[in-house]
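Contents: one structure, followed by commentary.
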Amino acid sequence: MMRFLTAGESHGPALCAIVEGLPANLRVDPAAVNRELARRQQGYGRGGRMKIEKDRVEVLTGLRFKRTLGSPLTLRINNRDFENWTGKMAPDGEAPEELDAVTRPRPGHADLAGAQKYNLADVRDVLERASARETAARVAVGAVAKEMLAAFGISVYSQVVSIGEIAADTLSPDELVIQYEKVENSPVRSADLVAEEKMKTRIDRAKADGDSLGGVFEVVVQGVPVGLGSHVQWDKKLDGRLAGALMSIQAIKGVEIGAGFAAAVRPGSLVHDEIGYEDGRGYFRLTNRAGGLEGGITNGEPLMVRAAMKPIPTLYKPLRSVDMTDHAPFEAAVERSDACAVPAAAIVGEAVVAWEVAVALREKLGGDSTEEMKANLENYLELLARR
Ligand SMILES: Cc1cc2nc3c(=O)[nH]c(=O)nc-3n(C[C@H](O)[C@H](O)[C@H](O)COP(=O)(O)O)c2cc1C
Ligand SMILES: C=C(O[C@@H]1CC(C(=O)O)=C[C@@H](OP(=O)(O)O)[C@H]1O)C(=O)O
């Protein structure tokens, strides 16, 4: 079984992750992890914090000369901003007499519900962990998953579909593979350069208005073999696992697989993918509205999932809230925040999708080493070719 945990507060010393269940003899290059961490930091619309951080991974365990040992991997990313927060966030030592507790919960954040649930008087005890800073750790874990998938010819891409009300023309999975560099190098991660300009202007306007924007991104996985995930039990269905993983990203409020919500308004004849067969190629679908999944099982077509992100909740234009000490109303003031983080969230989306596909691949192929997995895949593909 593959599993991981993350730990770490946004302004604490570091973020950590422990990853267990990787096969032995898998090449994992920390430089590749750093590349993914940098991609997450780049999207258009980010605020002041990204100017401080330069995320880099340290691998503390589980790797020897860039090769996995089969033992748990420990990853650490230091928070550069911690040095500005030692007085408020030091894990050890005594609390200062004037701690300057946060008693004003911000709407749209975990602040109030978290403080109530955990009996905490200082909202900082909640917000530090609820922050999307945590997604840096998940992107590091996802980067390791991507390394594993790449060893099996599977690749993960993403593109931004819309920012606020501005929609972009998206690339098909095949076009996306070919033109990925264009998407990667664009600040909004959209290949539609006309829409991208409009999106940037829209983000600038939201920022100037003291407002924020959400949007939709798409993650595509190419090269997935038939048969990952399973119909036999609810928690083995890969569509459910992917949806859960995407929904667990901070600010994600909706997930679609394939045609998604659009399928609900179309007749069945315009939704279901007809089946074809060609010698050498085997079975295929004439269309891919199912997004590569039927019955919770991959069907050999590219995986296509979309996630909707709400607008960033911290606004320069203040929202009303209530102080937890005296219940007096106030308007939440902000020092710094992202105005739009959809392009960054798309990278997090790639990471969590890569992880879930890697888990399903591992479940399908078993084994303890990369070689054993590869032999099992070959055997399975041979079996498939006979059907
Ligand atoms: C990459 C990324 C960056 C984010 N940056 C901010 C930010 O700067 N300010 C903010 O208020 N929320 C930001 N968020 C969203 C909040 O973390 C999130 O809305 C909040 O923790 C509440 O969780 P929920 O929206 O999932 O309910 C960001 C989310 C992501 C994925
Ligand atoms: C630090 C990151 O994102 C942060 C997510 C976030 C939030 O409330 O979710 C709030 C901001 O942090 P701060 O309060 O320190 O300005 C973002 O910068 C990151 O993505 O690495």
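Keep in mind that glycine also has a Cβ here, set from the backbone N, Cα and C atoms.
If you look up TrEMBL, you'll see R40, R46 marked as NADP(+) binding site. Among the features that TrEMBL reports, FMN binding site is placed at R129, A130, S131, Q250, A251, G295, K310, P311, I312, P313, T314, R336.
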Fewest other C-beta atoms within 10 angstroms, as judged across S131, T314, which are the binding-site residues: S131
Those binding-site residues in R40, R46, A251, I312, T314 whose CB falls under 6 A of ligand 1, listed in sequence order: A251, I312, T314
Least buried by Cβ count (within 10 Å) of the binding-site residues R40, R129: R129
Fewest other Cβ within 10 angstroms of its own Cβ, chosen from the binding-site residues R46, K310: K310
Tertiary neighbours of A251 (FMN binding site) (same chain, Cβ under 8 Å, six or more apart): A132, G214, M309, K310, I312, P313, A341, A345
Site extent for FMN, whole Å (max Cα pair distance, R129, A130, S131, Q250, A251, G295, K310, P311, I312, P313, T314, R336): 44
Entries of R40, R46, S131, I312 (binding-site residues) sitting next to ligand 2, with Cβ under 6 Å as the cut-off: S131
Of the binding-site residues listed as R129, S131, T314, the one whose CA lies nearest the CA of R40 (NADP(+) binding site): S131
